[in-house]
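Inspection log for the structure reproduced underneath, given as structure tokens.
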Amino acid sequence: MGTQQASPMRNKAQARRTSAITLKLLALMVIWPAPLTIRQISATQASLIGSVREPTGAPVADARIIARHLSAGQERSVSSDAEGNYRFSSLPVGEYEVRAEAKGFATYINRSITLHVGSATRLDIVLQPLAISAEVTVTERASPLDPTQTATTTTIEPEQIEELPINDRNYLQFVLLAPGVVAANPAGSALPYDGFSFGGLRPHSNAISIDGLDNTDETTGEARVALSPEIVREFQVVNNGVSAEFGGFAGGSINVVTKTGTNQFHGDLFTFLQHERLNAREPFAENGARPRFRRFQPGFSLGGPLRRDRLFFYMAAEQERLAGEDVSDVAQTVQARFNAILADDRRLAKILPFSERFPTGRRETEAAGKLTWLITPMHTLHLRYAYTLDRSRAATFNADLPTDRTARGDRSTLDHQATANLISTLSASLVNELRLQWSRRRASIAEDAREAGFEIVGIARAGRPLGTLGSRREDRQQMIETVTLGRSRHEWKAGASINHVSLRSALDDGFGGYFIFRTLDDLLAGRPAVWRQAFGDPHTELAVLSFGAFALDQWRPSSHLTLNLGARYDMERLPTPFRTTRGGISPRLGLVWNISDRTLVRTSFGIFRDRLPLAFVNRARQLDGRHAFVQIAEDSDAARIYGAIGLSAASAPFAEIRPSIYRPDPRFVMPYSLQTGFGIERMVAADTTLRADYLFVRGLHLPRTRNVNLLPPVIFTADLTAPLGVFEPTPQQAGRPVFSRARLDPRYDAIYQLEDSASSRYHGLTLALNRRFSDEFACLVSYTLARATDDASDFDEQPPNPFDLRSDWSSSREDLRHRLAVSALFDLPFAEEKESGWPMKIFKHVEVAPIATFSSGRRANPLTGSDEERSLAFPPSSRPLGARRNSLRAPANFNVDLRVIRYFPFGPTRRFDLVAEFFNLFNHPNALTVNPFYGSSKSPLPSFASPVLFSTSRQIRLSLDLEF
């Protein structure tokens, strides 16, 4: 059976039309007068608000307040209004000196003000009469409460990024310190993302931005360009209540701000070293192995002035060289028996034998540089370039089953990102910001297997990985223009953005063939339960154009009440065959009530419209029956194919098997979420707050895949074997709805419809105790109690019975009931300079930074491993009789990481650090998921519900760091 190829000229013409539309819209935004748009401060900037009063409490009008950035020397000034109120909008984050001057009063000076991304810091100024003193210097820090913030946010501050232990040098791991966030569940998805879940939603429904511009892989949802932690200043985690200035995601957001050069040169040289002799043995390795693990990570950072007070630079780069070894997840008894079978069966001649140990490795380079030019006192330009090259050997995918080396892939990722940000202070109250981005990602996954992919249910997976191989190139062009217009009681904002993402791919999603065997004996006998292979051209080319606009008013009717009133419009132009809708308007409402100077209450509501992952869109383009299609065979038909081709890919489709295709629902609606929350926050000490929040999230019109070419099923009984074509029924089919071979459209076997019929629900309660860094001490304690339910946890999850979607409503894959995270950093409280004894001097200049986490076990979906309903769902979604979806749970996890620093200061700004880091300090065996495969018999497989994937055993990393 041949395929009809889509015209390349048609694809190129559509791409040119999309690019032309993008260029016109970008040009329109550039030439349009600035008052059209009004700002997006929270992505990269901060605010400073407050009042100016006399000692008696009377307001001081027309006082001049100057905010000077201590590192760069930038100054901004505003005047207080008749009620004594003042506001700075769109200030760069960092440390500030604040001065206040008024006729008849002493000058007020405070050099202890720190502004954080996305936050408003309140500083109330009391001016003393001039007769007392000409100048009054204050060292009191501003309140840690943000009186205008209606969202639930957590800021990861510079000291935490610099000092807390972090494995793999991935600063995004610190996101898990925030309440209400869980790591993406590794079970059940072939996508290689390593993300987070907010509000029980899917990991690719979040937004990750760097300096206010998107940094999300639109195909998989993972982060794109990787930055060295040395260039990351801080970032903000937003759980819910995001204002109308942000769009294109239904979950949470992570806003990263990079460092900027200053008038002082600063940098460091460092290297990290790891060796397997410092690591603990694998807790469940059958031979107690301590596999090879040798990692070397050198790097540097440097920042300073190119021209004092005008032109600054900051750059950072680091590399990773890892030579490792992994121990096969497959049981040694299975390996021995399987390798014996290979020697006796000619059909398995191409198969590589199972390996007990095999080499792994990684070679990564991360480099980024930022240039800041103060063109005039009114205009600042930031230019940044980032580069990442990451090559990983024997990377793991599909981690819900023991995996042989041949089922892994060698992954290569190359990222380029160039951004520009122009901030124009048009007046004391009007700020315009223009942000631009061009980025490109090239990603590929190759493998060594010479045979088709195959799995033995519950025992092993080997051969070509399914759904991950191939190459792709993803390009992004983005533009955002915003303006801020601030008044003492109002801050009006509006803005617009254009985001163009194109994908060229050749994803080998099943083109190499895939077999499923119920048992090892079935493999020996040549009796596969399922065979599946795609035929045709895997190459696709598509583009998506997104447009967003918003308007927002932050209104303070009184000093105790703040209202955030906004609305956002989002539209995504999808490629054919998807339908492009006109978009929709999303209201965003928030309220903050300052009960007192130490207590505030906040609440919010909003609609958040999501985007579609390009992996979902690409599937409808690639396997549409014209470019390519899929053929499926089960039981006796699959055995006949296996007898003809063995464990290899078929060179041509089989004429007797009807094609299966993917297509979008013609009535497809873009997904979105409804979010509402309520919280109370109290300042319990000068730098410490205690917060409690409740969050409700309802995900609607979420993408899923469903076979719509089936006739209604019938309950299977022994006398229906012939009518249904089930000649070798399994014990798991008795009493189960089973589908016949008849089809609604006889031209096709399965028609997998990409539709919007899934939904989710989340209830979460979070508690957070946060002490910001002061007096050499900081801590963050966060606890989350939550329940997440849905009827599909990702777009590729199919129901076992497409006529009964209600039965799939159960716990979500991302459900995690309890999670506690505790982090701190502090100096040891002894061995002061006056101590002269050498035992005490050993502990002088010692910093300690621990992270401890405890969480419930992750969810897993119990499966038989084959298609008992004959619904052609893939991956097979048949559950054991009576089992509910995602009813399995892994054991609870407990982990402690620790960083100990002994530093040796020399000079006012230089120091040398000796560092030891301990990951999984107590070597607790933390199971990430369990084997979900029950099998097709009445009794479960011996490995059912047993752990199959663990976090790393204890590792120790040593490092040297010279700071100057």
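Positions of Cβ are set from backbone N, Cα and C atoms, glycine also.
As the structure is a computational prediction, the values presented were derived from the model and not from experiment.
Noted in TrEMBL for the protein shown:
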- 21-38: transmembrane segment (TRANSMEM)
- 257-323: domain 'TonB-dependent transporter Oar-like beta-barrel' (DOMAIN)
- 359-576: domain 'TonB-dependent transporter Oar-like beta-barrel' (DOMAIN)
- 579-871: domain 'TonB-dependent transporter Oar-like beta-barrel' (DOMAIN)
- 859-885: region 'Disordered' (REGION)
- 883-932: domain 'TonB-dependent transporter Oar-like beta-barrel' (DOMAIN)
Tertiary contacts of the region 'Disordered' (859-885) (same chain, 6+ residues out, Cβ under 8 Å): 185, 187-188, 190, 400, 455, 457-458, 516, 518, 529-530, 532, 632, 634, 660, 707, 710, 713, 724, 726, 730, 732-733, 735-741, 749-750, 791, 796-802, 808, 810-816, 929-930, 932-936, 940, 944-945
Structural state census, the domain 'TonB-dependent transporter Oar-like beta-barrel' (257-323) (DSSP three-state): 3 helix, 39 strand, 25 coil
Helix-strand-coil residue split for the region 'Disordered' (859-885), DSSP-based: 0 helix, 3 strand, 24 coil
Averaged pLDDT score, the domain 'TonB-dependent transporter Oar-like beta-barrel' (257-323): 91
